[in-house]
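Asker: I'd like to ask you about the structure that follows.
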Amino acid sequence: MTRYIFVTGGVVSSLGKGIASASLAAILEARGLKVTMLKLDPYINVDPGTMSPFQHGEVFVTHDGAETDLDLGHYERFIRTTMTQNNNFTTGRVYEHVLRKERRGDYLGATIQVIPHITDEIKRRIIKGAGDADVAMVEIGGTVGDIESQPFLEAIRQLRFEVGAKRAMLMHLTLVPYIATAGETKTKPTQHSVKELRSIGLQPDVLVCRSDHPIDISSRRKIAQFTNVEERAVIALEDADTIYKIPGILHSQGLDDFVVERFGLQCNGADLSEWEAVVDAKLNPEHEVTIAMVGKYMELLDAYKSLIEAMSHAGISNRTKVNLRYIDSEDIENQGTALLEGVDAILVPGGFGLRGVEGKITAVQYARENKVPYLGICLGMQVAVIEFARNVLGWKDANSTEFDSKSGHPVVGLITEWEDATGAVETRTEASDLGGTMRLGAQDCLLEQGSLVHDCYGKDVIVERHRHRYEVNNNLLPQIKEAGLKISGRSGDGALVEVVEAPDHPWFVACQFHPEFTSTPRDGHPLFSGFVKAALTQHQKKA
């Protein structure tokens with residue numbers, strides 16, 4: 001039977017519930033347990049697919065094509081379990097389902113209420129998402145006390161009661177601030193946060209106390225006394241210089257032992273040698289490179305969370321410190337390519353909309369003409385094709401129909417038809433809704449032997465995740481290929497361009513898929529590893 005660990009946060013948001021939860025999950029997995037994780041988001045959007053990156057940050061795409069919260073990226077980077085659409089749901093998704101059932105008459109004329117109908121649906125989804133895992137970590141988004149979170153908190157209160165104390169526990173993250181003028185940490189915010197939880201019938205079993213200063217034994221003892229939490233279950237989690245230290249920090253305080261004993265689980269001790277190796281490689285690099293990341297959402301770097309982590313993973317696998325120089329593509333439009341001088345490689349990630357696109361195209365031209373290693377992802381591939389068409393073929397009006405519907409040379413256009421992972425044909429038009437209508441999830445990609453991308457993967461067929469609605473225009477592809485642009489990857493049915501490479505260039509690869517979604521700290525990712533190797537070669541050439 002599955003055991004549940006419900007995770008809540010108090011005092012302030014952004015305490016790192018996702019990282020802490022994933023770190024505990026990683027330790028339990030290292031003990032031989034099957035672990036899965038769920039994220040419950042209290043906003044009314046059905047999913048984050050149409051939300052602004054400036055508000056929500058990254059949209060993480062699962063293997064089965066769900067557009068989800070970025071915390072699911074943390075989950076997959078810390079544990080081996082592959083997340084699905086069942087691992088993340090929102091208030092909007094729950095209400096949508098309940099209202100659809102009401103319209104069908106499934107409730108037989110009953111008055112639909114938050115309790116029991118909404119809470120029952122939340123519980124049903126939690127149980128379904130947990131599947132047959134030994135332990136399911138269930139993270140509740142937001143902060144205790146928020147109105148939006150109340151249905152979720154009531155649902156976990158009910159579920160905790162229904163399955164019993166031997167199968168459910170509550171882990172609460174809280175802030176223990178350090179007051180510089182007093183020279184001490186303060187426990188009162190934590191006491192009040194737990195008081196708020198207890199007022200709705202939830203008593204924490206574990207407190208994870210976040211702080212930027214050490215929390216001494218006396219403070220932990222005081223917290224335990226005033227919150228009715230065992231002293232051994234009051235965990236001090238100070239800021240760390242890398243998030244991959246967190247599993248070791250939690251393990252050193254016996255959190256996994258407490259969980260295993262509480263649930264009565266029989267399992268091995270934790271083998272954290274893989275995490276120790278990751279931390280060692282991260283903190284003791286032998287080389288260093290600087291890579292320019294040219295994007296349009298630089299005001300909120302969480303918009304590129306998986307990509308930034310993937311570059312870190314590539315550094316780990318190459319024993320190389322990767323310094324990312326974050327450059328807003330609009331700054332290139334205004335200030336020119338001087339911003340790119342001195343870098344060892346250039347990375348252009350995905351994005352939507354016209355703003356900043358010309359700056360990205362200029363960055364591609366700089367990389368291609370100056371033989372600087374280049375990796376383009378999603379829009380980064382599309383702008384690479386546009387740049388090549390403009391400056392090599394001489395099609396000065398070349399563009400994507402996303403940015404200029406009247407372009408004389410629309411080298412990138414809307415995908416109107418494609419096969420999904422099951423072989424079913426999906427169609428789209430300009431009139432289709434924005435939400436949930438992209439080419440999403442894992443798709444086969446056929447690689448050309450002898451290409452740079454094939455050298456990276458060492459395979460003829462790969463599977464990578466997608467999130468896009470525009471593609472290279474096959475009608476103009478013959479001229480583009482004749483001019484020298486190499487098509488080194490195609491979709492499984494051969495219909496869509498997946499990877500392009502520039503001719504006469506040491507390392508220029510652009511892909512339509514999002515490889516960052518499958519990169520992990522322990523295994524890295526072959527494409528990012530190859531990119532960092534190319535940057536290192538470039539750096540050594542300049543030395």
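Here, residue 1 is simply the first one shown, and the rest follow in order.
Glycine too: its Cβ is placed from the backbone N, Cα and C atoms.
Heads up, here are the entries from Swiss-Prot:
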- Cys378: active site, nucleophile (ACT_SITE)
- His514: active site (ACT_SITE)
- Glu516: active site (ACT_SITE)
- Ser13, Asp146, Ile147, Glu148, Lys186, Thr187, Lys188, Pro189, Thr190, Gln191, Lys222: CTP binding site (BINDING)
- Ser14, Leu15, Gly16, Lys17, Gly18, Ile19, Asp71: ATP binding site (BINDING)
- Gly351, Leu379, Gly380, Met381, Gln382, Glu402, Arg469: L-glutamine binding site (BINDING)
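Map the listed features onto the structure and describe their local environment.
Answerer: Of all Cβ atoms in the protein chains displayed, 22 besides its own lie within 10 Å of the Cβ of Cys378 (active site, nucleophile).
Look at His514 (active site): DSSP puts it in coil. Non-local contacts of His514 (active site) by the CB criterion (under 8 A, 6+ apart in sequence, same chain) comprise Val61, Ser306, Gly350, Ile377, Cys378, Glu464, Arg465, His466, Arg467.
The local packing around Glu516 (active site), expressed as other Cβ atoms within 10 Å of its Cβ over all shown chains, amounts to 28.
Sequence-distant neighbours of Lys222 (CTP binding site) (same chain, six or more apart, CB under 8 Å from its CB) are Thr187, listed in sequence order.
Same-chain residues at least 6 positions away in sequence with a Cβ under 8 Å from that of Ile19 (ATP binding site) are, in sequence order, His74, Ile243, Ile246.
The number of other Cβ atoms within 10 Å of the Cβ belonging to Gly351 (L-glutamine binding site), over all protein chains shown, comes to 22.
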Asker: Could you give the Cα-Cα distance between Lys188 (CTP binding site) and Gly18 (ATP binding site), in whole Å?
Answerer: 24
Asker: Taking only the Cα atoms, work out how far Ser13 (CTP binding site) lies from Gly380 (L-glutamine binding site), in Å, as a whole number.
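Answerer: Roughly 33 Å, rounded to the nearest whole number.
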Asker: Taking every protein chain in this structure into account, which of the binding-site residues Leu15, Ile147, Met381 has the most other Cβ atoms within 10 Å of its Cβ?
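Answerer: Answer returned by the neighbour count: Met381.
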Asker: Since the record lists Lys186, Lys188, Arg469 as binding-site residues, which of them has the fewest other Cβ atoms within 10 Å of its Cβ?
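Answerer: Per-residue Cβ counts within 10 Å for the binding-site residues Lys186, Lys188, Arg469 bottom out at Lys188.
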Asker: Might you list, by sequence position, any residue in that chain lying six or more from Gln382 (L-glutamine binding site) with a Cβ less than 8 Å away from its Cβ?
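Answerer: Gln382 (L-glutamine binding site) has long-range Cβ partners Ser400, Val412, Tyr470, Val472, Gln512.
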Asker: Going by C-alpha positions, which of the recorded positions (Gly18, Thr190, Glu516) is nearest Gly351 (L-glutamine binding site)?
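Answerer: Minimum Cα distance from Gly351 (L-glutamine binding site) across Gly18, Thr190, Glu516 lands on Glu516.
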Asker: Here the binding-site residues are Asp71, Glu402; which one has the lowest number of other Cβ atoms no more than 10 Å from its Cβ?
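Answerer: The binding-site residues Asp71, Glu402 were compared, and Glu402 has the fewest Cβ atoms within 10 Å.
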